[in-house]
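For GLY13, PRO14, VAL15, GLY16, SER17, GLY18, LYS19, THR20, the entry in Swiss-Prot reads GTP binding site, with the evidence type sequence analysis.
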Amino acid sequence: MPLGRAPRIGVGGPVGSGKTALVAALCRSLAPSLRLGVVTNDIYTTEDADFLRRAGVLDPQRIRAVETGCCPHTAIRDDITANLDTVEDLEADTGPLDLVLVESGGDNLTATFSYGLIDRQIFVVDVAGGDKVPRKGGPGVTLSDLLVINKTDLAPLVGADLGVMARDAAAARGPRPVLFTSLTADPTAGDVTAWVRAQLADLSPHGPRGATPAAAG
C-alpha cells in the first residue's frame, strides 16, 4: 500500500445483497475507535450515500458519492478515475483517515475491484438467491479477499441450505475466508468487523490509530 494514504477496502456484490447495510454496520462498529470515510457508487443517483447520511453512521462530510453513469464494474475496475479522484478529495478534505470503504454499485458475480483503487475487497452475496450462488462462482465469489454470505436468517424461508453454501464456497475459494452474516441477528457485523481490523493491522506497520492488539487481531 502506498505511504501517505488510508487503507481502502472495497465492498461489492449483486443488487440487494446487503452491501450498504454492511457498510453502515461497519461504520457503527469501527467509528468509535477509527476515523472512517465512505465512497458509494450508483449509476444515476446518490441513493446509497444518502441512506448512510440519514442513518447518521458518520459525519456527512466523510460520505461521498460517485454517479457512474455506466455499469458499476466499469467504475471500480476498468476506469477507476472517478473513484480515485473522489477518494483522494475525501482524504484531502477530511483526513487523515484510518480507513476508506468504497462500495460498488450492485452488479453480478463477475464484478471485482481494481487493486489500483483498493487494497482489499469484500464480496457480498445473500441466501435469498438460493444455495446455488457460491457454486456458480464468478470472480467476485472466487477471488475476493473475503466472501460474505449475508441474510442467513432468511435461509429457512427460501429453502437455502447453509451447509451446502459453505461447502461450495470452500470448494470455489480454497483458503480464502468465508463469513456467514445476519445483520438482523448481529447488527454489529462482528465477524466482518474483526476481519477488517485484522486487515488494517496487516496493511499498516503500526496498526490504525485507536486499535489495540486485541481489537486488531
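Glycine too: its Cβ is placed from the backbone N, Cα and C atoms.
Its Cβ taken as reference, GLY13 (GTP binding site) is surrounded by 27 other Cβ atoms within 10 Å in the chains shown. Those residues of the chain, other than GLY13, PRO14, VAL15, GLY16, SER17, GLY18, LYS19, THR20, with a C-beta within 8 angstroms of the mean position of the GTP site C-beta atoms are GLY106, VAL124, ASP126, ASN150. Counting only same-chain residues at least 6 apart in sequence, those with a Cβ under 8 Å from the Cβ of SER17 (GTP binding site) are GLY106, VAL124, VAL125, ASP126, ASN150, LYS151. Here the binding-site residues are PRO14, GLY16, GLY18; the one with the fewest Cβ atoms within 10 Å of its Cβ is GLY16.
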